[in-house]
Amino acid sequence: MDKSLKIVFFGTPEFATGVLETLYNSNHQIVAVVTAVDKPAGRGRKINESHVKQFALKNNIPVLQPSNLKSSEFIDELRSYNADLQVIVAFRMLPKVVWSMPAMGTFNLHASLLPEYRGAAPINWAIINQEKKSGVTTFFIDEKIDTGAIIDQQSCDIEEYETVGTLYKKLMDLGSTLSLETVNNIAAGNITTQTQPMSKELKEAPKLNATNTTINWHMKTAAVDAMVRGLYPFPVAKAVLVQDKAETIKIYRTSILLENHEMIPGSIVIDGDIFKVACSDGFLIIDEMQLPNKKRMDVKSLLNGYKFSADARFHNGLL
């Protein structure tokens with residue numbers, strides 16, 4: 001039988017919970033989890049517990065929620081669990097005093113084929129950049145972000161109409177399997193690591209913000225469509241609609257119409273129940289959107305009850 005390891009698991013979102021559940025159901029022992037501090041969320045500002053915390057409490061696993069990862073209280077409590085190994089999934093950067101603690105080290109699961117797409121939003125950027133493949137990587141943590149020695153990888157195809165939601169689930173399942181394989185191989189002393197190259201030519205996965213999630217209609221239709229899919233269902237692509245005033249709308253679903261035109265990118269054409277926006281090489285058909293202070297609607301239903309002004313257009317990027 002494989003050696004059973006004592007593991008402290010670090011993570012916060014749903015993606016991490018899938019991995020935690022797989023490890024919990026293995027022959028290894030999750031002795032504690034470390035997750036984000038509870039935060040108020042939503043209109044009611046209700047205190048929100050992380051997915052990882054909810055799973056841990058349900059299964060009677062001790063939960064640590066440090067606001068300061070370098071505090072002596074946290075370090076002492078973490079050390080008291082005497083873990084053989086620490087596993088990190090979608091958590092913040094750790095100080096050396098934490099990641100160097102276990103005898104067998106600390107490894108991270110990252111949702112890309114490292115060294116490509118280091119950073120906070122690898123799943124989104126893989127789709128936005130129209131990649132054909134993605135995957136997951138386990139690597140030992142070092143002083144920098146996502147640069148440690150690679151332990152193992154698994155890849156998967158990105159389908160033509162993949163969204164970040166579907167790829168997220170695919171990579172969560174793949175990552176759960178890879179994480180358990182990595183733990184088992186570490187327990188058996190059966191790993192060979194590979195140093196990551198530090199080339200400046202590598203694609204990155206920076207944090208998403210208002211600028212890089214707002215559409216610039218000068219792009220090609222395929223690029224805009226990929227951006228919409230790469231931001232759906234979270235955090236959702238934005239566009240600046242200009243009619244009586246400039247307002248930011250959300251765009252959920254689109255399709256491509258490659259048709260020659262001489263219109264300015266961002267120009268709107270409403271043809272019956274079809275809502276088209278000019279891009280550099282054709283039109284993007286918006287199938288589902290959300291106007292300010294309105295609910296999310298398919299465009300056919302929206303056009304039945306809402307009239308856009310004759311000079312309505314989209315601004316390119318942020319105002």
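Using the three backbone atoms N, Cα and C, a Cβ is placed for every residue, glycine included.
Here the structure is a predicted model, which means the values were calculated and not measured.
Copied over from TrEMBL:
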- 6-179: domain 'Formyl transferase N-terminal' (DOMAIN)
- Ser112, Leu113, Leu114, Pro115: (6S)-5,6,7,8-tetrahydrofolate binding site (BINDING)
- 207-306: domain 'Formyl transferase C-terminal' (DOMAIN)
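In this structure, the binding-site residues under consideration are Leu113, Leu114, and the one with the smallest number of other Cβ atoms within 10 Å of its Cβ is Leu113. For the domain 'Formyl transferase C-terminal' (207-306), the DSSP-based tally of helix, strand and coil residues reads 17 helix, 41 strand, 42 coil. In this model, the domain 'Formyl transferase N-terminal' (6-179) carries an average pLDDT of 96. With the fewest other C-beta atoms within 10 Å around its C-beta, Pro115 stands out among the binding-site residues Ser112, Pro115.
One way to see the shell of the (6S)-5,6,7,8-tetrahydrofolate site is to take the Cβ centroid of Ser112, Leu113, Leu114, Pro115; the remaining same-chain residues with a Cβ within 8 Å of it are His110, Glu116, Tyr117, Arg118, Pro122, Gly135, Thr137, Asp146, Gln153, Gln196.
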